[in-house]
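Novice: So that we are looking at the same thing, I have put the structure below in structure tokens.
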Amino acid sequence: MVKVGVNGFGRIGRLVTRAAFQSKKVEIVAINDPFIDLEYMVYMFKYDSTHGLFRGEVKAEGGKLVIDGKAITVFSERDPANIKWGDAGAEYVVESTGVFTTNEKASAHLKGGAKRVIISAPSADAPMFVMGVNHEKYENSLKVKTVDGPSGKLWRDGRGASQNIIPASTGAAKAVGKVIPELNGKLTGMAFRVPTPNVSVVDLTVRLEKPAKYDDIKKVVKAASEGPMKGILGYTDEQVVSTDFNGDIRSSIFDAGAGIALNDHFVKLVTWYDNEFGYSNRVIDLMAHMASKE
């Protein structure tokens, strides 16, 4: 099992750690965050207003964060080059600060003994991998890679989140073109920020080159969710709402009842996902996949 360090103990850093302890696919051995002291780490990891109480034991002991009896080394370095990942036994590092997102900046982790770095944010130059889409293209000669995450900054984002529906930009459409080159230049998109704490929905409008009945599309998606994409893609034909997917570890749950077809060439497809925990679980899956290639 690969040993992992986490740089940045914010939302994604904490949820990647939760996902690691839940899935038991990787082992968290070190955490670095210069802005959070150890006692606050314990508190923030244990209590989560969105995902609920962590159902295990969390405490500070001997200067380490102890989760379910596992002692985790804690660093407080601002410069990633100064983090002694190797001394803590960390082979892979999840870069989840949102700051060190280029190849050059993220490579600083290698100076401290890490072998590979996974950036949990969009990167200008690091290769991008999405589990279930292009993860098979990963080669172990790569030192720094990214799992696509959210991006976009607008003045409107600063307006009251609980009172507004806020139009926003999204890097998702551009990222799809990177991981599926066949769709490059064929897809665009935007987002609406809405006053819900978690869970996102994709409303995908598609013009099809070859005609397809909506019922046939549903059958193909259902088969994929039960076969090669199981655990990543889901399928539901029930009357669901967003909170039904809070804490769901899958990346996309196709809502068969919400989609519509204008005709056999023009359809709207709807899928749900937990934008925090589903994503964090794919970070874990990517590291497990990378470790299998060592």
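All positions are counted from 1 along the displayed chain.
Any Cβ shown, glycine's included, is placed from N, Cα and C.
TrEMBL annotations: computationally assigned, not manually curated.
Just lifted these from TrEMBL, have a look:
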- 2-144: domain 'Glyceraldehyde 3-phosphate dehydrogenase NAD(P) binding' (DOMAIN)
- Arg11, Ile12, Asp33, Arg78, Ser120, Asn275: NAD(+) binding site (BINDING)
Novice: On a count of neighbouring CB atoms within 10 A, which of the binding-site residues Ser120, Asn275 is highest?
Specialist: Ser120
Novice: Let me make sure I understand the span of the NAD(+) site: among Arg11, Ile12, Asp33, Arg78, Ser120, Asn275, what is the greatest distance between any two Cα atoms, in Å?
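Specialist: Greatest Cα separation within the listed binding residues comes to 27 Å.
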Novice: Which has the fewest other Cβ atoms within 10 Å: Arg11, Arg78, the binding-site residues listed?
Specialist: Arg78
Novice: Given the model, what does the mean pLDDT over the domain 'Glyceraldehyde 3-phosphate dehydrogenase NAD(P) binding' (2-144) come out as?
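Specialist: Here the mean pLDDT over the domain 'Glyceraldehyde 3-phosphate dehydrogenase NAD(P) binding' (2-144) amounts to 94.
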Novice: DSSP-wise, what's the residue breakdown of the domain 'Glyceraldehyde 3-phosphate dehydrogenase NAD(P) binding' (2-144) into helix, strand and coil?
Specialist: 42 helix, 36 strand, 65 coil
